[in-house]
Amino acid sequence: MEAFADDKEKGKAADEAEGGIILGKKSGSAGGARVPSKSEMETLRATIQTLCQSCNPLGRCLEYVQEDLEAMAKELEHWRSVKRVKEGELAEEESKTEGSLISLQNELANVEMQAKEKRSQIRFYKASIVRNDATINRLLSQVVQTG
């Protein structure tokens, strides 16, 4: 029982510290029950009315929060599944591209080898032309000197 009383006192202290609504009777100086005046009742009624008017839109918003969360979860799952599908398609396209690139890379290597051989032949023929020019010049110079 003592623990219950301590908890109750702590709860009251917390309510007072937070400035919450305190329900209970005010003890009057005369010691008897005082009847609230008409103006106090009107003020209380207006305050409660304002509180209700402020809380109703909030309550309606909170009703839709769960629906919104469910819709967002469904949309998230949808986009995750789309992502998985697109990742699969991407992997498939990458493998196709790699497959087609292998044949193209082999063809490129062959063409480069052929070009290298042609350049080698061109250098060989140029050297042959230079040697033949030298031979022709030497023969011409011998004909000119002897003749």
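Glycine is no exception: its Cβ is also placed from the backbone N, Cα and C atoms.
No curator has checked TrEMBL annotations; they are predicted automatically.
Look at TrEMBL and you will find 1-15 tagged as compositional bias 'Basic and acidic residues'.
For 10-143, the entry in TrEMBL reads domain 'TRAF3-interacting protein 1 C-terminal'. Counting residue by residue with DSSP, the domain 'TRAF3-interacting protein 1 C-terminal' (10-143) contains 115 helix, 0 strand, 19 coil.
Annotation source TrEMBL lists region 'Disordered' at 1-38.
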Averaged pLDDT, computed only over the residues in the domain 'TRAF3-interacting protein 1 C-terminal' (10-143): 86
